[in-house]
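A short worksheet on the structure shown next.
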């Protein structure tokens, strides 16, 4: 069954976690529960994109520290912070650190689901763009030093002969390297290779 998105709930209060799990699951979201922020951060590298709903006051790593660490990692996950009644200063600090919004407990179910849908809608394009950029960077990293040199020559507009002369190797060998570059970069044409190089930051200067 297709869900409306995945939600990562972080709260040390078991009753609150269970309540949110029921609410969000009923609303059509996929849900993963964490009882503390450190457990979420430990799992983060392997998690698919989703929205984080976290309590602000928790033992150990609190919601503010979680935001600081997520910001330092440049995580694309949108974060909604839940605060207690009257915790406005903490909520403001959370917003300054990158939280997309905050909710004062107790809150209306519809308000939370609307906020989550909005947060996912706004953050998804950036998350997808970041994933694509990481994929392209991984392709570049898979190139051997010589393949990287050949790619740099190609995107600079040099012919096979000129690249061969530059590195004192035969044009035939350059053709082999060129084919390897196109395969590893998953490029079907030189123009596509140039676009990928731009995304990888190889044409910024």
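The backbone N, Cα and C atoms fix where each Cβ goes, glycine too.
Residues or ranges marked as domain 'Response regulatory' by Swiss-Prot: 6-120.
Around residue 12 (Mg(2+) binding site), the C-beta neighbours below 8 angstroms that are at least 6 residues distant in the chain are 35, 36, 55, 58, 59. What Swiss-Prot records for 11, 12, 55, 57 is Mg(2+) binding site.
Neighbour density for residue 55 (Mg(2+) binding site): within 10 A of its CB lie 23 other CB atoms from the protein chains shown. Taken from Swiss-Prot, the feature 4-aspartylphosphate covers 55, and the record attributes it to sequence analysis.
Residues or ranges marked as domain 'HTH luxR-type' by Swiss-Prot on the basis of sequence analysis: 136-201.
Long-range neighbours of the DNA-binding region (160-179) within the same chain, counting only residues 6 or more positions beyond its ends whose Cβ lies under 8 Å from a Cβ of the stretch, are 146-147, 149-150, 153-154. Swiss-Prot lists 160-179 with the feature DNA-binding region.
Sorting each residue of the DNA-binding region (160-179) by its DSSP state yields 17 helix, 0 strand, 3 coil. Ranking the binding-site residues 11, 57 by C-beta neighbours within 10 Å puts 11 at the top. Taking the mean position of the Cβ atoms of 11, 12, 55, 57 as the Mg(2+) site, the remaining same-chain residues with a Cβ inside 8 Å of that point are 10, 13, 16, 54, 56, 58, 62, 63, 82.
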